[in-house]
Amino acid sequence: MKLVIVSGRSGSGKSVALRVLEDLGYYCVDNLPLPLIGSLLEQLKGSNDLVAISVDVRNMPEQDKVLVQQLSNLPAGTEITSFFLNSSDKVLLKRYSETRRLHPLSKSRVSLQEAIKLEGKLLEPMSKLVDHYIDTSNLNIYDLSDQVRQILLGSVDKELVIYFESFGFKNGMPTEADFMFDVRFLPNPHWELALRPLTGLDEPVAEFLNRQPLVNKFIWQIENLLETWLPHLERNNRSYLTIAIGCTGGQHRSVYVAEQLAKRFSNGKHKVNVRHRELDNAKA
């Protein structure tokens, strides 16, 4: 079992790091007291091999030797990777002033500046024990995400899951779509009596549409558009992308186009899924 522990000063980006870990398939728990880590790992044994927790100053032991002892009591075979995120007092003060969030150590008689300094002092033992120390003072959330992925995977690349979904406009547009393409202007197999009862998954319909230059040109243009912008979407920390293709009934043209696009992007670079809303609903 792999365990990633994310600690650091409040406002330095722990929640960002935890979201990256969640995208990588880790079971994530925020602000878990260290004495409970062993119980958590026992509960998840056999169901989750990747676990990540974040701890803040309120859950940290005062003595570093207590911390070492707590970690040594974890189940045998636990592979631990630890991060400590930090930023300068000036940057943390600016971030808290902008978000107006309450600092974990803020009290009625303690100013924000004093709370930030106190937290840094309390977390100093932990900062000396971790595997990876990251100063986020000059990092944005994308830079930090890339660093965490680089450390864990050896690469900043993340797997973007692409969903191609066909649908019929007569039944409403899918609300989850990031891109939507209307193919109702393409030649319609519905008007071919022999093809009317079939779907875009059937070979006769596929052959009919493949013979249409307009269909092939439109598919090529969508492919080119997506190929151009996918790298930028990936760098923007997108985990998935839904591309909806709509025709009148969601039976012929949209199904065929969605299938063709899914095949073209199933090249190993991305995880691709295709679903046909109207066909699936008809089976239900």
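Residue positions begin at 1 at the first shown residue.
From the backbone N, Cα and C atoms, a Cβ is placed for every residue, glycine too.
Marked as ATP binding site by Swiss-Prot on the basis of sequence analysis: GLY8, ARG9, SER10, GLY11, SER12, GLY13, LYS14, SER15. Summarising the environment of SER10 (ATP binding site), the number of other Cβ atoms within 10 Å of its Cβ, over all protein chains shown, is 25.
In three-state terms derived from DSSP, ARG58 (GTP binding site) belongs to a helical segment. As annotated by Swiss-Prot, GTP binding site applies to ASP56, VAL57, ARG58, ASN59.
A Cβ within 8 Å of the Cβ centre of GLY8, ARG9, SER10, GLY11, SER12, GLY13, LYS14, SER15, the residues given for ATP, is found for these other residues of the same chain: LEU85, SER87, THR136.
Take the Cα of ARG58 (GTP binding site) and measure to each of the binding-site residues GLY8, GLY11, LYS14: the nearest one is GLY8.
Around the Cβ of GLY8 (ATP binding site), 27 further Cβ atoms fall within 10 Å across all displayed protein chains.
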